[in-house]
Each structure stands twice: as C-alpha cells, then as structure tokens.
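Written out below as structure tokens is the structure these notes cover.
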C-alpha cells in the first residue's frame, strides 16, 4: 500500500490540531462603537467610527453577547457637584448621562480644580478678624466688633508717618516722601527744571504735569483754545454749549465741571472752619470767605460818605 494512503488529507482552507476545536464565528447583530477607535477610510473618503457586521456566513450558534462599554466616570447628579470650579460640574454630569451634546460651551472656571486651601485661608482670616473685633469691641456684636477692630488697627495702632519739618502725618511712606518734595529749595540739587522753558520744580509730579502744558494737541474748534488733555477740552466745550451735567443733590444747582460741584458740596457741610473776623460768619471754603470779606464786610465797615453843607 502506498504511503500516501496512510496520511490524512487536510483541507487547504482550514487548520485543526488534535484535541483543539476550531473557533466558531458569529455575526454581530448590531454595530458597537468602540471609544477611541477608528476604522479604515471608506469609499466616500470618511473614516468609519463603528464596526460593520461580520460577513461570515457560517452555522448560527448562540454566542456571547457583548455588553456596552461603561463610561469612564460614574454619572454624577446635578446636586452632587454644585461647585462651578469642579471638573464634574452639572455640564459634565449631563454629558456622561448622555443629556448634553459635545457642543455645550464650558467656561474657563470649569477647568480649574480647587483644593479648598484658599477657602480655608479666607475662613481663617475672617475668624481672626472676628476675634480681633470681639476683643476690641468689648463683647459687642460680631459685625460691629470687626469694624471696631479694623478701625483700631488703623487709628489706635497707629503707625502714621509724620513730616519732620511741618508735622503733617500720612498713612503711607510714599505719600510722606511725595510731601517732602514740597519742602525742597529751588536752589537744591534735587530740584529739576523744565527742558522747554527752564522753570524749576521741587515736586516731580508737578513737573510732569507742567511738561504736558507744552504739548497742546487738543484744540477747540470754536475759539481755537488748545489743551494738553482731551478731558480738558471736553470740559471747555461745555462753556460753548451751556451744558451743566453735574447737579447738586441738596439744592439742585448744576455745574459744568465736576470739581466745581465738589467745591459747592462743601457749602452744605456742617464743618465750616473759615470764620470772618468782623461779622463772625463761618464758611466751608476759604475762597467763599475771601469773597464775603471783599464784598459784604468791607463795604459794611466803610463809613457812609458824609453829606456836604447845603449851599
């Protein structure tokens, strides 16, 4: 007998080892989307996002049913994450539940994670301030004690910067140094001169404002007067239009310039420090006192002209 009859023929389209059963393929009834995977481009040039059903036409046997992929994060309730800084805010929770689309807009605060340290720091600062307020307020209310503690730290605790020449005090050292410039002599080395006109200044802010007066770029179209700043020109234009947008809340008097309104508001103040020596009348502004002295008191103090003898 030839040796070829002793060898078992094996089909060319399959392979089977002894003791190992051949794998059975079953068609997928539905297409399952695998997150993060993309198939090869199709005929229309687009990438397929899902797996097509298998084309194997074999014997139908019950196979294992694939379970849908679970989300990477558990679905969060809207009330569970109420912090807008949390990465799992209400928008992200709705996205994982499938209620929100990818096109939902997110603010930048949604991408910052807060670990709570800043809140604890603010809470600790509030507690320290409340404790200081209770100590300074003598057992008063929480709000009043806190305000009392803050005012005591500013006024009572009291580090004020005093000028050695005139004794005037300031809250900050920068304000004091700016004030000390006014005590300089025009002949000192610290004085500066204007590069255009040569005028000397001991205060650097005053020199900076003076330099701007040589560059009058903003000119009035009505009278031709020029100004260094646009808001100065805007206030000047009100003198041509007669507009007075700044009104007094007490008497209703209107002004074209805000600074004039501030000066007028001093007349309604209860503090009137400038007193006339002749009639004992007090004024809130020194300029008003000068006008009063030049107009009323001076004329009242002058003796009436004596009548000449009748001829």
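Including glycine, each Cβ sits where the backbone N, Cα and C put it.
Quick look at what Swiss-Prot lists:
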REGION    1-20  region 'SNAG domain'
REGION    71-90  region 'Disordered'
REGION    120-156  region 'Disordered'
COMPBIAS  124-146  compositional bias 'Gly residues'
ZN_FING   161-183  zinc finger
ZN_FING   192-214  zinc finger
ZN_FING   218-240  zinc finger
ZN_FING   246-268  zinc finger
ZN_FING   274-297  zinc finger
### Task
Residue list, the zinc finger (218-240) vs rest of chain: Cβ under 8 Å, 6 or more residues beyond ends.
212, 256-257
### Query
What are the DSSP helix/strand/coil residue counts across the zinc finger (161-183)?
11 helix, 4 strand, 8 coil
